[in-house]
Amino acid sequence: MYGIEYTTILTILISIILLNYILKTITNTMDYIIFRFLLLIALISPFVRTQNYGMYLPITGSLDAVYTNSTSGEPFLTSTLCLYYPTEAKNEISDDEWENTLSQLFLTKGWPIGSVYFKDYNDINTFSVNPQLYCDYNVVLMRYDNTSELDASELADLILNEWLCNPMDISLYYYQQSSESNKWISMGTDCTVKVCPLNTQTLGIGCKTTDVNTFEIVASSEKLVITDVVNGVNHKINISINTCTIRNCNKLGPRENVAIIQVGGPNALDITADPTTVPQVQRIMRINWKKWWQVFYTVVDYINQVIQVMSKRSRSLDAAAFYYRI
């Protein structure tokens, strides 16, 4: 009888030990699986884009409004806007409080006081060489000048795109353009640019390297010249060095957070660099030119539409630059 009881107790103990071992084995296996699963999630999460179902509540000073779920916040609630204008606009308005007035008007379009900055420039040529663009979104007002239509389109090309430039010593060296993004930019009070293409023996093609009068004239008496020649061919260059400078530049890509508003003029300027593409006229606004107050009122009215086709502090090489006319 006692032998049967001891056997029963021993069987129960063995069962408990075996069950405990099975449970520990299952626990260790689950820990291993969960650890590997979490590790996999941690590794792939930076490469996965998913919908954010959180609530985005921008701080505007008051939260007594209903906000809908969105993955992208309203740009004018969280961003800064710089408006660049010619000094003549400020002189014509002649009102010490005009910027404050415009700030109040921008407030009606959703731009908080202090988020819009007004900056004037004396000369658009100087401004375009190295534009100081400080804000998330930058809008440049450029007055149309019928005496320099070509210069205006090239100025827009400088402002709307980012360039990397180096000085050129045309008295010592030949130069060639390596790609369609490689241009020679000349600027000064009077720029006349002449070029002589060279063959592989550095002899002039249709010109004499020793006689600048035989060079081809690509620009005459202009303030700004963006010279585009045949790629991969050496050129001897001649410019009026006393009144003009020249630089070898590469276009890095568009400044997507910059737009230009052309003020006045009968036609919108086309700044398309590639003649095989459709002209960039689909993003142009136009109104009749009257006075600078009228210009600024129109800018306030349309500013949010302009912002929607720009990118905040971005410089993607795949997107187009933007040019507007009012």
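A Cβ is built for glycine as well, from the same backbone N, Cα and C atoms used for every other residue.
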With reference to Swiss-Prot, specify which of the listed residues Cys191, Cys196, Cys207 is paired with Cys244 by a disulfide.
-> Cys191
Among Cys82, Cys135, Cys165, Swiss-Prot lists the disulphide partner of Cys249 as Cys165
Of all the recorded positions given, namely Cys135, Asn146, Cys191, Cys207, Thr214, which is spatially nearest to Asp228 (Ca(2+) 2 binding site) at the Cα level?
-> Cys191
Pairwise CA distance, Thr214 (Ca(2+) 1 binding site) versus Cys244 (disulfide bond), rounded so that it is a whole Å | 20
Recorded positions near Glu216 (Ca(2+) 1 binding site), in sequence order, restricted to Gln177, Cys196, Cys207 and a 10 Å Cα cut-off = Cys196, Cys207
Rounded Cα distance, in Å, between Cys196 (disulfide bond) and Asp95 (Ca(2+) 1 binding site) is 53
Distance, Cys82 (disulfide bond) to Asp95 (Ca(2+) 1 binding site) (CA atoms, angstrom) | 20
Starting from the Cβ of Cys244 (disulfide bond), draw a 10 Å sphere and report how many other Cβ atoms land inside it.
-> 21
